[in-house]
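Notes to accompany the following structure.
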Amino acid sequence: MTGDIVETKQCQLKDAMDLFHSGQVVKICAPMVRYSKLAFRTLVRKYSCDLCYTPMIVAADFVRSTKARESEFTTNIGDHPLIVQFAAKEAQVLCDAARIVCPFADGIDINCGCPQRWAMAEGYGACLINKPELVRDMVRHVRNQIDNPRFSVSIKIRIHEDLKRTVDLCQKAEATGVSWITVHGRSVEERHQPVHYDAIKIIKQSISIPIVANGDIKTLKDAENVRHLTGADGIMVARGLLANPAMFAGYEETPLKCIQDWVDIALEHGTPFTCFHHHLIYMMEQITSKQEKKVFNVLSSTSAVLDYLKDHY
């Protein structure tokens, strides 16, 4: 957390809550492990993405370790509005983490939706949808101890098999002062099954704070359909943006200009090769032949990738 981020307080752009009250659907880049870091956020913001999340950060590690803070959270003056997503299970620890990022971000999000075994075994992620009192305590602590009223506190959840329990969780969260709720329309057990957009619609009708719909949105047309089906105030996209970072700007596949932008941004940010290369593999999936993929996917240095792109594009 170094460099020009110290200036961000003086140079706030439109904040997240303003976006939700603009009357337009809010287009959001999801928290993605390894991928939704500063360089990628910079790219999608160039292509009509309104709001970006950091990858999930374990709050306890973040509070305890300077090294974790420096490696997990980087931002800059143009990286707004920005939501920092935390995995947490203790109210005061979450609050301490929120206090650290408060000068540099527009809000925090509590991860109540990660279905990975390790996260749930540690008491993080989707197991929190079964602990509404703990979620309430965490939200309350942050609300009481962060004195910036514009600093948002949101939650990202999955749904229960019994939707009444999800509605109850959301109503309790709303009463505690949650700014908005992102709903991934699958249960913890579901991975690739169809998303329950009808469930998101029922949740939207049950509360008055903004709802963000998440799950299987690959194109701008998908986003428009999901907004129509659910009445959601925002649309959050993960894999769809990895495959096409220009998706929200209406492109059906990644334009070459976007690939060039990624190269420029990644080199400027000193993005590690593996991450730089993986993003390109995702972006070029739709526009390269099987034979080209075989060659491109095994390149092992930045210079080899740059030479390939120069020769082929």
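In case you wondered, yes, glycine gets a Cβ from its N, Cα and C as well.
Under the heading active site, proton donor, TrEMBL lists C114. Same-chain residues at least 6 positions away in sequence with a Cβ under 8 Å from that of C114 (active site, proton donor) are, in sequence order, M56, A87, M120, Y124, G125, A126.
What TrEMBL lists as FMN binding site is P31, M32, V33, Q85, H184, A238, R239. Taking the Cβ of M32 (FMN binding site) as centre and 10 Å as the limit, one finds 19 other Cβ atoms among all the protein chains shown.
The domain 'DUS-like FMN-binding' feature in TrEMBL is assigned to 29-292.
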Cβ packing number for Q85 (FMN binding site), 10 Å threshold:
26
Maximal Cα-Cα distance (Å) across residues annotated as binding FMN, namely P31, M32, V33, Q85, H184, A238, R239:
17
What's the most sparsely packed of the binding-site residues H184, R239, counting other C-beta atoms within 10 A?
R239
